[in-house]
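Worksheet: one structure, shown below.
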Amino acid sequence: MKKFRSTIKYTRILPRDRSESMQSVMTSSNSIQSLKDDMPLYYCDKDLFNRSPNTTTRAIRALYLATVLTILFIIAEVFGGYLANSLAIMTDAGHMLSDLASFVISIIAIKISHMKPTKRLSYGFHRAEVLGALTSVLLIWILTGVLVYLAIVRIVENDFEVDADLMLITAGIGVIFNIVMGVVLHLGKTEHSHFQQPFTNDVEQGVKDSSTSSPPIHDGNNNQSVHKHKANINVRAAFVHVLGDLVQSIGVLMAAVIVKSTHWRLADPICTFFFSVLVLITTATVLRDAVLVLMEAAPRHVDIDALHADLCSIEGVRDVHSLRVWSLTMDKTAISVHLDTEKDCDSNHVVHEANERLRIRHGIKYITVQVQCVCSRSVSQYTLLSLPASNVDKPIAENVDEHIDI
């Protein structure tokens, strides 16, 4: 009987809570009509899936040129290594072959990443670049492992001859070639990894700071604006590969000098072994960044604590929760957050201010902000606990009459 009486009292209180919630929703909706002209509604951004044409064109051209140069040099190294019977030169040629494959994969990945989103892939194909970089790194690791095995076999058997003169000429050409390749690919990339640098930004230049927002933060060089940077992980992966090739070509050149001057043939496989390990180390950073993106890790340039404090400082915001920041690609960051606001707070103003701060101060492009008024939360869970003890002893008919009157 007591449970039934409590239920009757519970139903009496609910209409008052519901009316307050509806009044809050209507107040928030009506406030949209009084918005200023300079405060747009944030529904979507048509430019989210558009890349900078200059950045994309630069990356594609660099990879195309690198592909052509690599094909020409692979042909030269294969013949030179075969005639000189140098495993070190063949190792370099094999390394260049893996680089050629990585260039082709990178070009295909960049092309795919520009495809428009679908119903199933709502974020588009941006991560095709990351998958391409990951594939190219794994490919070079496999090939390097094979070459290390061959070097070990040569060291154990110690039964081979090397043409030191031809090896020296081919290695010298390789050094020059890799320097040219490094310059070409360096022009095709604009920044380092977000996971390596303390701060890099991907801010749209068209977004302006509102009157209530703080000015954009300055970079380490005290520049007066936040610069726009976009790195292509595939170009960076190719650049790292070429750096590894350059170091390896220098090593082959040194080995050729040693073989020619001392006739110590083991310098060839030892050089192959040493610089193959170095190649694995230099490509580890690209692999790490690709894995972090696929694991949806927050990039290091986003300070989560500072971001949380920045959102909490917005006028009318009571609490910030369900904060999630992740990387879609190396140059695209997404965020999802819930903001609890005051009863009389203009929700659209909060959304506008949050978008401005997240874009301008923190360089986040994909933003989802959910605003919810704390007053709209149902207090029915506290109703039974707040009933006076005398109400429990009232007759059932009295409670029923009260329910009917409502």
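Here the Cβ of each residue, glycine as well, is placed from N, Cα and C on the backbone.
What TrEMBL says about a protein is an automatic prediction, not a curated fact.
Record features, source TrEMBL:
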type	residues	note
TRANSMEM	62-83	transmembrane segment
DOMAIN	64-295	domain 'Cation efflux protein transmembrane'
TRANSMEM	89-110	transmembrane segment
TRANSMEM	130-152	transmembrane segment
TRANSMEM	164-187	transmembrane segment
REGION	204-223	region 'Disordered'
TRANSMEM	238-260	transmembrane segment
TRANSMEM	266-287	transmembrane segment
DOMAIN	299-371	domain 'Cation efflux protein cytoplasmic'
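Counting same-chain residues at least six beyond the ends of the transmembrane segment (130-152), those with a Cβ under 8 angstroms from any Cβ of the stretch are 87, 90-91, 94-95, 97-99, 101-102, 105-106, 108-110, 233-234, 236-238, 241, 269-270, 272-273, 276-277, 279-280, 283, 286-287, 289-291, 293-294, 329-330. If you count C-beta pairs under 8 angstroms between the transmembrane segment (238-260) and each of 89-110, 164-187, 266-287, the highest count goes to 164-187. Taking H, G and I as helix, E and B as strand and the rest as coil, DSSP gives the domain 'Cation efflux protein cytoplasmic' (299-371) the counts 23 helix, 29 strand, 21 coil. Non-local neighbours of the transmembrane segment (164-187) in the same chain are 58, 62-63, 65-66, 69-70, 73, 76-77, 80-81, 83-84, 86, 88-89, 92, 235, 238-239, 242-243, 245-246, 249-250, 252-253, 255-257, 259-260, 263, 268; each lies 6+ residues outside the stretch with a CB under 8 Å from one of its CB atoms.
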